[in-house]
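**Student:** Take a look at what TrEMBL says about it:
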type	residues	note
DOMAIN	28-312	domain 'Gcp-like'
BINDING	His115, His119, Asp306	Fe cation binding site
BINDING	Leu137, Val138, Ser139, Gly140, Gly141, Asp170, Gly183, Asp187, Asn276	substrate binding site
Amino acid sequence: MEDKKYILAIESSCDETSVAVVSLENDLVSNVVASQILSHKRFGGVVPEVASRHHVEQIISCMEEAMTAASVTVEDLEAVAVTEGPGLVGALLIGISAAKAFAWANELPLIPVNHMAGHIYAASYVKPLEFPLMALLVSGGHTELVYMPEHGEYKIIGETRDDAAGEAYDKVGRVLGLEYPSGKEIDELAHQGNDTFNFPRAMIKEDNLDFSFSGLKSAFINTVHNAEQKNETLDRLDLAASFQASVVEVLTKKTLDACGEYPVKQLVVAGGVAANKGLRQGLTDAFTTSFPNVELIIPPLNLCGDNAGMIGAAALVEYKKNHLAGWDLNGNPGLSL
Ligand code: KG4
Ligand code: ZN
């Protein structure tokens, strides 16, 4: 390819092995995602050792496939980016080892990237990010409101005090007998039912920007177990719809509060749960009414879940700041923004 330069980005923090090629102008040229979900389903969650083993098996072919799909060779590359954390340490280490070996062998700089920053920067493929910016980050491990005054600067202004939203979806799904991860399926069931159970909306009236989903999860599980003891059958569609209505209402209310408190130019909704149709619709309706002058960006579904494209976009920001890693880069499972 001409004189254009590219970054090879690698993501392996959880259960997707992913490699992407991104141009220095932030064009996503290829984004290969090898999911391991089928292997984890029968255990009802991600098994760290199984995840690491899959990453080892997949990483080289994903790197080759991403470069072939982008029609780039090693000479076209400017740098290698990799997820440093947060995530499963064994899983992170596979991506980091591959990135280090490739970068060292080819004399390329290594860019360390925070996975959660990656989720936010997935939105930059939809529109250029403008600051100040608010991000609602909703994934399997995190539920956070993040205020960004500038590129690469993050201030967590609200977060969950217990379960993450995606985690609550997955736990409730298990009670309904659904396979892991169950967020997508509950979303589909919810659209066919009605909010009849009136589950709690935790912390919605409190004057802070924090979340709590464990009370909702317990209310849901108790409702199902009580009915089982009485040999009653509850409507699964209404259960799903009631659960989702509570999650969407709380996420929407707190996000609107955050944007009221911190005036911003854009709101980004990111992470696996940002794929939720109910949330996308509910938040868009409420937000465009309350904040018609703030631009709302929710990335397309393929960029909401874990993927290396988002890591490449966040890496460009770090690269411009000359934030590079040494050859001693280690996985950091608890890395914060
Ligand atoms: O961001 P992600 O792919 O991985 C993490 O970094 O955690 O998020 C995965 C989470 C899972 O909990 C999954 O159930 C949830 O995102 N999820 C959804 C939907 N699609 C995925 N939750 C609700 N509705 C969906 N449509
Ligand atoms: Zn993620």
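Cβ coordinates are placed from backbone N, Cα and C, and glycine is handled just like the others.
No curator has checked TrEMBL annotations; they are predicted automatically.
Keep in mind the model is a prediction, meaning the values are calculated, not measured.
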**Student:** How many Å lie between the Cα of Asp306 (Fe cation binding site) and the Cα of Gly141 (substrate binding site)?
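**Tutor:** Rounded to a whole number, the Cα-Cα distance is 12 Å.
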**Student:** In whole Å, how far is His119 (Fe cation binding site) from Asn276 (substrate binding site) when you measure between their Cα atoms?
**Tutor:** 15
**Student:** Could you tell me which of these binding-site residues, His115, His119, Gly141, has the greatest number of Cβ atoms within 10 Å of its own Cβ?
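**Tutor:** Checking each of His115, His119, Gly141, the winner is His119.
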**Student:** May I ask which of the binding-site residues Leu137, Gly141, Gly183, Asn276 have a CB within less than 6 Å of any atom of ligand 2, listed in sequence order?
**Tutor:** none
**Student:** Measuring Cα to Cα, tell me the gap between Gly141 (substrate binding site) and His119 (Fe cation binding site) in whole angstrom.
**Tutor:** 12
**Student:** How many angstrom lie between the most widely spaced Cα atoms of the substrate binders Leu137, Val138, Ser139, Gly140, Gly141, Asp170, Gly183, Asp187, Asn276?
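**Tutor:** Overall maximum Cα spacing for these binding residues reaches 18 Å.
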**Student:** Going by DSSP, is Leu137 (substrate binding site) part of a helix, a strand, or coil?
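**Tutor:** Strand, per DSSP.
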**Student:** How far is it from His115 (Fe cation binding site) to Ser139 (substrate binding site), counting Cα to Cα, in Å?
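**Tutor:** Approximately 11 Å lies between the Cα of His115 (Fe cation binding site) and that of Ser139 (substrate binding site).
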**Student:** In whole Å, how far does the CA atom of Leu137 (substrate binding site) lie from that of His119 (Fe cation binding site)?
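**Tutor:** Answer for this pair: 8 Å between alpha carbons.
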**Student:** For the recorded Fe cation site, whose residues are His115, His119, Asp306, find every other residue on that chain with a C-beta no more than 8 angstroms from the centre of their C-beta atoms, and list them by sequence position.
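**Tutor:** Neighbours found: Glu11, Ser13, Cys14, Thr83, Met116, Gly118, Ser139, Gly271, Asn307, Met310, Ile311.
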**Student:** Reduced to three states, what secondary structure does DSSP give Asn276 (substrate binding site)?
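**Tutor:** Coil, per DSSP.
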**Student:** Can you tell me which of these binding-site residues sit near ligand 1, meaning the Cβ is under 6 Å from at least one of its atoms: Leu137, Gly183, Asn276, Asp306?
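**Tutor:** Among the binding-site residues listed, those whose Cβ sits under 6 Å from ligand 1 are Gly183, Asn276, Asp306.
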**Student:** To see if you understand the setup: which same-chain residues, six or more apart in sequence, place their Cβ under 8 Å from that of Gly183 (substrate binding site)?
**Tutor:** Gly166, Tyr169, Asp170, Gly173, Gly272, Val273, Ala275, Asn276
**Student:** So among the binding-site residues Ser139, Asn276, who's got the most Cβ atoms within 10 Å?
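**Tutor:** Sorting the candidates by Cβ neighbours within 10 Å, the top entry is Asn276.
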**Student:** Could you tell me the C-alpha distance between His119 (Fe cation binding site) and Ser139 (substrate binding site) in angstrom, no decimals?
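**Tutor:** Computed Cα spacing between His119 (Fe cation binding site) and Ser139 (substrate binding site) is 9 Å.
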